[in-house]
Amino acid sequence: MPNFTDVTEFVLLGLTSRQEFQVLFFVIFLVVYMITLLGNVGMIILISISPQLQSPMYFFLSHLSFVDVWLSSNVTPKMLENLLSETKTISYVGCLVQCYFFIALVHVEVYILAVMAFDRYMAICKPLLYGSRMSRIVCVRLISAPYVYGFSVSLICTLWTHGLYFCGNFEINHFYCADPPLIKIACGGVHIKEYTMIVIAGINFTYSLSVVFTSYALIVVTVLRMRSAEGRKKAFSTCGSHLTAVTLFYGTLMFMYLRRPTEESVEQGKMVAMFYTTVIPMLNPMIYSLRNKDVREAVNKAIAKANVGQ
């Protein structure tokens with residue numbers, strides 16, 4: 001029988017063990033984190049104060065920005081602290097808390113992206129019914145479901161993580177507490193955790209992606225039937241930003257969570273995880289603002305109004 005050991009803290013090995021890169025990485029990811037906060041908080045404020053952005057699409061976008069802020073904040077501050085620290089530790093309770101919020105926020109974002117795809121379907125394929133079918137009450141219900149589901153599923157997944165046993169190896173080959181590297185160093189409770197992680201990830205990706213693919217398949221059919229070239233261009237432009245965000249987020253998550261944890265997959269997963277925990281939350285406001293005429297106009301009006309106020 002394995003000699004299980006009570007664990008009080010883990011050591012996060014981080015991105016690299018080379019000391020000469022620690023300060024450089026600290027500066028880079030501090031800048032990325034500040035841009036993420038400014039971009040997403042700025043998007044939330046802009047949507048709340050701009051009359052031309054008071055539609056379901058931007059209501060959902062503000063929640064996407066909200067989740068991105070917390071997803072990045074759940075991981076980046078501890079990573080920055082460990083880059084300049086000698087010990088690089090995280091308590092066992094802190095590790096479980098980080099796992100809980102990470103899993104919850106990822107599930108919330110996955111389903112917000114699915115809800116946004118459904119919203120685009122309603123706007124383009126059912127324009128005459130859009131106002132009544134996507135009322136404020138309906139939008140609140142649609143956005144509440146991902147939060148309730150995400151935090152509920154995460155509680156179950158975190159309890160399974162709590163069921164892992166360790167035999168003396170407390171070094172996590174990652175920069176935050178993630179399930180694959182935890183499974184890799186555990187010596188008990190591994191099989192049920194590994195199985196449930198892959199099954200739950202597979203179910204959620206399959207269901208949410210089916211909503212996205214079905215919505216966009218119907219959108220493509222509707223757009224191709226449009227006689228106006230300008231109408232087709234406008235319809236595709238409103239979907240381009242969302243499709244870019246979906247591709248980036250789903251692609252990186254699938255690469256990490258739909259594979260069995262091995263030394264190679266865990267090492268590769270660190271680079272992928274860096275992308276969806278820090279880079280994607282930074283890029284989302286840029287993707288939606290640079291490719292969206294309404295957002296650009298709202299930014300210009302907000303700047304003009306601020307200059308007049310001065």
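Each position is counted from 1, following the chain as shown.
Placed from the backbone N, Cα and C atoms, the Cβ positions cover glycine too.
Per TrEMBL, the feature domain 'G-protein coupled receptors family 1 profile' maps to 39-288.
Within its own chain, the transmembrane segment (23-46) has Cβ neighbours under 8 Å at 15-16, 53, 61-62, 65-66, 68-69, 72-73, 76-77, 79-80, 83-84, 278-279, 281-282, 284-286, 288-289, 295, 298-299, 302, counting only residues six or more beyond its boundaries. Feature annotation from TrEMBL assigns transmembrane segment to 23-46 (among others).
Nonlocal intrachain contacts for the transmembrane segment (89-118), taken as residues 6+ away from its ends with a CB within less than 8 angstroms of a stretch CB, comprise 7-12, 57, 60-61, 63-64, 67-68, 70-71, 74-75, 78, 142-143, 145-147, 149-151, 153-155, 157-158, 161-162, 172, 176-179, 182, 204-205, 208-209, 211-212, 215-216, 242, 245-246, 249-250, 253. Among the features that TrEMBL reports, transmembrane segment is placed at 89-118 (among others).
Positions annotated as transmembrane segment by TrEMBL: 138-161 (among others). Long-range Cβ contacts of the transmembrane segment (138-161) within its own chain (Cβ-Cβ under 8 Å, at least 6 residues beyond either end) map to 56, 59-60, 63, 96, 99-101, 103-112, 115, 118-119, 179, 182, 189, 192-193, 196-197, 200, 204.
What TrEMBL records for 198-224 (among others) is transmembrane segment.
Annotation comment: TrEMBL describes 236-259 (among others) as transmembrane segment.
Taken from TrEMBL, the feature transmembrane segment covers 271-290 (among others).
For the domain 'G-protein coupled receptors family 1 profile' (39-288), the mean pLDDT of the prediction comes to 87.
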